[in-house]
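Here's the feature list from TrEMBL:
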- 6-27: transmembrane segment (TRANSMEM)
- 48-66: transmembrane segment (TRANSMEM)
- 86-111: transmembrane segment (TRANSMEM)
- 123-143: transmembrane segment (TRANSMEM)
- 149-167: transmembrane segment (TRANSMEM)
- 179-207: transmembrane segment (TRANSMEM)
- 219-241: transmembrane segment (TRANSMEM)
- 301-320: transmembrane segment (TRANSMEM)
- 332-351: transmembrane segment (TRANSMEM)
- 371-392: transmembrane segment (TRANSMEM)
- 399-421: transmembrane segment (TRANSMEM)
- 676-697: transmembrane segment (TRANSMEM)
Amino acid sequence: MKKTSGFIFPLMLFALLAVIFFGKTLIPGSGKIIYGGDLLSQFYYWKGFLKDSLLSGFVPFWNPYLFSGTPFLAHPSTAFFYPATFIYLLFPLNISFSLVIAIHLLIAFAGMYRLAGRYADPISSAVAAAVFAFSGYYSARIYAGHIDLLTTSIWLPWIFLALISLLEKGFTKKRFITAVTVLSLLILAGYNAYLVFSAVTAGFFAAYFAYTQKSLRPFLITAGVYLTALALTAVQWLPTWQLTGQSIRAGGFPYDLASWGSLSISSLDLFFTPFNRTSLDRITFNLGGGPKVNPFDHFTGSLPLISVGFFSAVFLWRKLGNKKGKAVHPHFWLFTGISLFFLWIALGPNAPFNLHYFLYTFLPFYRFIRIPIQNLIIPVVFVPVLTGIVLSKIKYTNFKLIIGFLMIGELILFSRPFVFLTNLPAADTKLLTDIKTGEKTGRFMPGFRVVSPLLQKIDMNAPMMHKIYSTSGYDPVILKNYHRFADSANKNPGSSILWYNVEIPPLSADPAMMNFLGVKRILLESTQIKKNNFSLVNSSADYAIYGNSNSLPRFFPVSQIIWTDNDDKAARLISDREADLISSVVLEGSAGGDKTAGDCSTTGKVNLLEYLPNRIRLTSDFDCPVWLSSSEVYYPGWSAKIDGKTTRVIRSNLAFRTIFLPAGFHQIEYIYHPIIYLYAGVISLISFIVLVVVMNIKHEIKP
């Protein structure tokens with residue numbers, strides 16, 4: 001009871017300090033929201049779409065509003081099964097984001113307080129926890145709007161605490177369940193790069209305890225924790241893994257892209273001078289954008305680093321001189337070594353020996369992670385622990401409190417300017433009206449980049465909120481076949497992923513491609529189009545919007561098939577315009593078997609009866625067999641029925657759906673039913689049952 005009450009008081013004190021720190025941003029007024037770059041451009045629309053869909057009575061497996069259709073629930077940033085996602089259903093979005101951030105910082109404080117408490121007194125532990133929760137890392141995450149990074153990273157202290165307790169004190173059911181639970185929460189939070197970093201750190205823990213205990217048991221226990229957590233959370237990460245395999249991240253990034261965002265050796269001063277523009281400019285990635293001057297986004301505070309460095313130097317000097325001094329916990333050096341290891345990784349190709357490339361080569365998961373500077377999250381976690389250990393060596397409480405206040409004060413002064421309110425995202429009303437004018441299911445083509453000034457008029461992801469069907473969006477997990485189609489539509493048979501990896505390359509206003517995609521409205525930064533195929537709807541000093549009256553419906557018949565061997569040849573056919581996608585369909589191999597369309601005219605009609613995110617209903621009536629081509633994106637999980645009988649859905653034109661349609665009148669139904677959720681759910685359920693059974697077996701292992 002004493003231990004619990006001793007924990008509650010500093011937690012309440014931090015909560016009070018956090019309320020003061022957040023101020024008005026904690027409960028934003030009407031029309032206001034806490035500022036965050038990606039929060040405003042991504043998460044606001046993603047969480048809004050999730051909320052609206054669930055409250056409307058359906059699960060949004062599919063998002064029809066971006067990239068001509070793309071998986072939604074499987075996206076890692078959706079975090080559908082993460083408990084905190086429930087907050088978005090209970091409160092208005094602007095309040096929800098503030099609550100999610102504040103609650104998670106409270107969890108971060110609690111986790112660090114418990115972790116540091118293993119090595120330090122309560123006051124030192126409280127200072128360490130505040131140094132962590134108020135660190136420049138979290139203020140930078142808030143400012144950048146990296147909600148997934150924030151909600152994932154706060155579980156790292158809890159995971160490390162649980163693993164150390166489990167490996168050091170021995171296996172018990174309670175310790176094992178605790179470790180599995182907090183690791184499962186990290187996985188469900190959605191930012192998988194931190195799962196990889198935690199696993200590497202856990203490997204160091206296992207190696208350390210295996211050495212000290214002269215046993216391989218720590219490796220087995222650590223593997224058991226990770227495998228169990230992965231099995232329990234399969235219902236979320238397995239569909240995400242499938243999506244990753246179908247996205248531009250499939251197989252990992254080329255090293256030039258994976259190493260983009262490495263820390264420079266000459267920029268190490270940023271740990272002490274986080275606003276040094278010269279050093280910041282040496283980093284190829286550092287936040288970017290926003291109304292404030294961008295800081296170093298992994299700032300742990302200069303005073304904590306100075307104290308840890310000074311203590312380490314004095315200790316080693318005394319040790320080398322055989323002078324007596326206070327003993328220091330061996331984990332101090334373990335955490336220091338791990339922190340330096342991850343700092344080394346963060347340097348990427350700038351290090352004398354490229355450890356990042358070594359891991360990229362021999363640890364495949366590193367191939368899926370951009371921006372090596374992200375590895376600094378591990379030092380961000382361990383520096384406060386080291387700080388707590390150093391403070392615990394100070395004999396005089398008042399002196400300790402003064403140093404602690406200075407450390408916390410430095411970080412609050414650094415962080416507070418990056419926490420402020422802004423207006424809710426809103427699109428230009430007149431522009432929205434111009435875009436929506438026309439057919440209900442016609443698409444909208446934003447012909448600009450994610451850094452365009454036009455984003456002030458309408459954000460790339462705003463179509464999700466306004467129910468506009470867009471050919472583009474802002475997302476790091478774009479379907480690779482659709483991205484390749486965009487390149488081919490721009491007459492580029494190669495790949496532009498190195499330059500466009502959170503968006504597709506802006507489509508050129510090619511009439512054939514616009515017609516195929518069903519584009520009714522084209523938005524450009526100026527009156528660039530000189531062709532007679534499109535009509536100028538409206539223009540201003542900022543933009544020009546064009547109408548296209550020749551666009552095809554979503555589903556249309558073709559009778560000609562162009563067979564090809566592979567995607568490379570299909571891309572070449574489209575980029576060279578050897579394939580007319582209006583009258584023909586490009587299929588690979590013998591996708592349609594012996595089925596062929598008739599030689600007669602494709603005169604007939606297709607009626608769109610219902611168009612929902614996960615379900616589409618049509619009727620057709622043709623005198624001849626036809627291939628029903630479409631500009632609907634293909635993805636595993638889409639099935640089709642003709643008159644109630646299942647028919648094969650074929651990937652065509654690189655990225656889209658086609659079915660073979662016999663002559664006559666038919667009722668057609670497309671349903672998106674991703675079976676992978678069933679498989680993943682079964683894995684999670686069985687794993688839970690097995691875990692319950694095994695944990696009821698009386699067996700404990702001592703170290």
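Cβ coordinates are placed from backbone N, Cα and C, and glycine is handled just like the others.
Set these features in their place in the structure for me.
Panel annotation: around the transmembrane segment (6-27), residues 34, 95, 98-99, 102, 105-106, 109-110, 113-114, 117, 122, 125-126, 129-130, 133-134, 412, 415-416, 419-421 of the same chain, lying at least six beyond its termini, place a Cβ under 8 Å from a Cβ of the stretch.
Same-chain residues lying 6+ beyond the ends of the transmembrane segment (48-66) with a Cβ under 8 Å from its Cβ atoms: 72-74, 78, 80, 85, 88-89, 93, 461, 463-465, 467-470, 472-473, 475, 611-614, 637, 672-674, 677.
Remote same-chain residues near the transmembrane segment (149-167) are listed as 79, 82, 84, 100-101, 104-105, 107-108, 111-112, 114-115, 118, 132, 137-138, 141-142, 175-176, 178-179, 182-183, 185-186, 189-191, 194-195, 198, 201-202, 205-206, 209, 218, 221-222, 225, 331, 377-378, 380-381, 385, 703 (criterion: CB distance under 8 Å, separation of at least six residues from the stretch ends).
Under 8 Å from some Cβ of the transmembrane segment (301-320) lie the Cβ atoms of residues 131, 135-136, 271-273, 328, 336, 383-384, 386-387, 390-391, 393, 403, 406-407, 410-411, 414, all in the same chain and six or more residues away from its ends.
A Cβ distance under 8 Å defines the sequence-distant neighbours of the transmembrane segment (332-351), meaning residues of its chain 6+ beyond its ends; these are 119, 197, 200-201, 204-205, 208, 259, 261-265, 308, 312, 357, 359, 372-379, 382-383, 385-386, 389.
The list of residues near the transmembrane segment (399-421) in space but at least 6 beyond its ends in sequence, with Cβ under 8 angstroms from a Cβ of it, reads 21-22, 24-25, 28, 32-35, 123-124, 126-127, 130-131, 134-136, 138-140, 142-143, 274, 292, 295, 299, 301-304, 307, 387, 391.
When Cβ-Cβ distances below 8 Å are used as the criterion, the transmembrane segment (676-697) is approached by residues 61, 73, 173, 176-177, 180, 228, 231-239, 242, 636-637 of the same chain, each at least six residues removed from its ends.
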Looking at 86-111, 179-207, 219-241, 371-392, which one has the highest count of Cβ pairs under 8 angstroms to the transmembrane segment (123-143)?
371-392
Is the transmembrane segment (219-241) packed against any residues at least 6 beyond its ends, judged by a Cβ distance under 8 Å, and which are they?
71, 73-76, 79-82, 163, 166-167, 171, 176, 179-180, 183-184, 187-188, 190, 192, 199, 202-203, 205-207, 210, 674, 676-677, 679-681, 683-684, 687-688, 691, 701
